[in-house]
Amino acid sequence: MDVAFLLNYFTTAFGFLVAYCTYKDFTSFEDSKSKKFHSIFSIYTNGKSLINLKQPDNAITCINGLKALSMPLIILFHSFQVTVFETEELRVQYDDIKFRLLLTAAVLPTETFFVLSGFLSVKSFLYDDNSIFKLLKSFYYRYIRITPSAIFLMLILISIKDFNGLSRIFESENQNCKDYWWSMLLYAQTYVNPNQMCIGPLWYVTVLMHLFLVSPVIMFLLKSRAKNVRLAIMGVFLVLTYVPGIIEFLEVGSVKLTTFYVDTLTRSYPYLFGMFYFYEFFKVKEVSEFGKRYLWAITLLTGFITAIIIFAKSLKTVQLFNLFLIARILWPIVICWIIHACHIGCAEMINDILSFKYFIPLSNLSLGIYLVNDHVGHYILYDVLSSMEHFGFPMKAPDNAITCINGMKALSMPLIVFFHTMQITMFETGVLSNVEYQFIKYRLLLTTAILPTETFFVLSGFLSVKGFLQNENSVFKLLKNFYYRYIRFTPPAAYFMLILLSIKDFSGLNGIFPAEYQNCRTYWWSMLLYTQTYVNPDHMCIGPLWFASVSWHLFLISPLILLLLKPRDRKIRLMVMGIILFTTHIPGIVKYIEVGELVNTIQSYLYVETLTRSYPYLFGMFYYYEFYKIKDVSRSTKLYLWTITFLTFIFALIISINNPMPMEPTSVLFLVTRILWPLALCWIIHASQLGCGGIVNKILSFKYFIPLSSLSLGIYFLNDHIGHYIMNDVLKSVENEGFKTKVVALSSSTYILATFCGALLYLCIEVPFYKLARFNIRSQFCVSKNPKVFDDKI
């Protein structure tokens, strides 16, 4: 019988069984045998047990934290290994890092699981030592807990040839499972076929099963002996675990991975140590002060050695391995002592962290995560990430792209979302009547709303010059740029406006956006003409579209400003730039003279006025036009510009934190920061292109910022409305928490949902209409044969 058919048949039948049992379990209220049977396969009952955060009174709760925190390290190593394996260049470049991660993020975390398994096995065997039947039952339970999941995963790997595109990923495991399925079921593959395992991560379960089988024998040897004899037996066993590695090292001068990594005897050291510690020392309730200091010193030393292995780049491989052997000997002592210290109450802070109740479900899932994480990582790398480009998400920037811009956009958007959701939370919780919270809102308005949107204006001005200079000799190309710009913004905005107009028919939603519903009916035309910041600034159809309106106005006048600059001498150009930049501040100055308060001037006039918000856009234009072409910048100039950049971000940080400065001095500091902000951003871009951006450029050029950068327009359009929509549900779930918890919960959930909805808007509306516009122009006038997806991503 074909394995794929068998898998499909089994999965379908089992799915019906689970669905039926879940339904019967959920609807039955009688405590009968049928109820108990239904609960076995019920998602309802099993799901409740998974997320049950209550522990027995005698539970060692810190173990949950040790398991939950070890698993991400193992996933980190597997993910790193999968990524580096892709190219020969990466394998050579990151070979040293891979070895360090193998020792610290793969071997030591799995050692933690071995220690915990040995530790807990003694606890169960001590309770069942008077009954052979209970002992056999423990073996049976152990086998049944692991094997069905492994069989299901094996069937998937064997039948994977029939799944489109996946067979190339797991081709070797597909064949291994066909040839050695029996050794996997007998948990003998680490000896029978160590280099051709059916399911690679199952080596851990295989070794664990072997050790679990010999545990009663070891317990029997220890039980009736005197303490000195027991300690001697323990020492002999622990030394024996290193014998295979020592022999191989003496014979060939090195230790193979199969001998060190998946061999039962070699990996038995932490398991046996966990057994011995529980049997001999865990019952000790009072530890002397000297003993505590000694054990904490060992713990700190082990952590220090581990840090050296990770970060000391000057050490050679042999030196790293010698340090690792010391750390591996000490590691089980550290884990056992942490558990012991938490249990006897002399490590309260560590116990509070490791006993965090939300580690319980993660601890329960650790085995399943370990079995599937490697395969999931391969699948994501080969299929999901590569398919993002086919769906329209750019994952690779062009060779001449300014890559750090993607990071600036991707990192600015969460700040804007945070301010919008904080504003919603303040309004709903009624804290705005408090003067302290009014000041907090004002600070965050300056640093998480105005400055991040200034970032987008700077980037728009910077890139607009690049586009206009390429098309400066063609009026048609200039008009084409305006057309593309309009088509980029308008279809998503029009679609969103239609949603708001039809929202009266959606149950419960018309109560959330009644003002915008009426505004869209009255002023839909001003939105499509991008004049709502002048025609109806207080009755906008889509509030966040003020940014697109202002950006569109500035984009229209950009060619005129460039025309003023083009034929001039450099000094005249700089003077014209200075006059234009100073002009952008005149409305604010006049407003301040009229009002007499800087705070009210900033809040009422700075946010949506085109002339007032034109300063960063124009600065970005002028910097690109005048300075970006300079390739040789003196050392003193670099130092001066980096100092300004550093001070600008320090000023922004001072404004955002809860400092004792009153509102007026805070406003003055913000104005200084706002003047310097475009210079800081332009210099970061310039420095990145000159090769002196350092770690700043590496962070901002992280390739996964590219899709987030592409989604920034959709996220900006949607985040405020999504925040209002999900506000009631999110705030209700954390109604007993503090204000900060509510803000974090709402902002994180809003950003995730806005990103998802923004992706749909990008794929279904934004990109298709933009490509259609380009196709029409190209087919009619034959302007370009190979256009890029977006000339201007701002």
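Every residue, even glycine, has its Cβ placed from backbone N, Cα and C.
TrEMBL: automatically predicted annotations, no manual curation.
The following features are taken from TrEMBL:
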type: DOMAIN; residues: 62-380; note: domain 'Acyltransferase 3'
type: DOMAIN; residues: 404-763; note: domain 'Acyltransferase 3'
type: TRANSMEM; residues: 6-23; note: transmembrane segment
type: TRANSMEM; residues: 58-81; note: transmembrane segment
type: TRANSMEM; residues: 143-160; note: transmembrane segment
type: TRANSMEM; residues: 267-282; note: transmembrane segment
type: TRANSMEM; residues: 318-339; note: transmembrane segment
type: TRANSMEM; residues: 415-432; note: transmembrane segment
type: TRANSMEM; residues: 444-465; note: transmembrane segment
type: TRANSMEM; residues: 486-503; note: transmembrane segment
type: TRANSMEM; residues: 545-565; note: transmembrane segment
type: TRANSMEM; residues: 639-657; note: transmembrane segment
type: TRANSMEM; residues: 669-687; note: transmembrane segment
type: TRANSMEM; residues: 751-770; note: transmembrane segment
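Residues 94, 97-98, 101-102, 104-106, 108-110, 112-113, 116, 119-120, 335, 338-339, 342-343, 350-351, 353-356, 359-360, 362-363, 366, 369-370, 373-374, 377 of the same chain, all 6+ positions outside the transmembrane segment (58-81), place their C-beta atoms under 8 angstroms from a C-beta of that stretch. Ranked by Cβ pairs under 8 Å to the transmembrane segment (143-160), the stretches 6-23, 318-339, 415-432, 444-465 are led by 6-23. The list of residues near the transmembrane segment (669-687) in space but at least 6 beyond its ends in sequence, with Cβ under 8 angstroms from a Cβ of it, reads 402, 404-405, 408, 446-447, 450-451, 454-455, 458-459, 462, 598, 602, 615-616, 619-620, 623-624, 627-628, 630, 633, 638, 641-642, 644-645, 647-649, 651-652, 654-655, 661, 693, 696-697, 700. For the domain 'Acyltransferase 3' (404-763), the mean pLDDT of the prediction comes to 82.
If you count C-beta pairs under 8 angstroms between the transmembrane segment (545-565) and each of 267-282, 444-465, 639-657, the highest count goes to 444-465.
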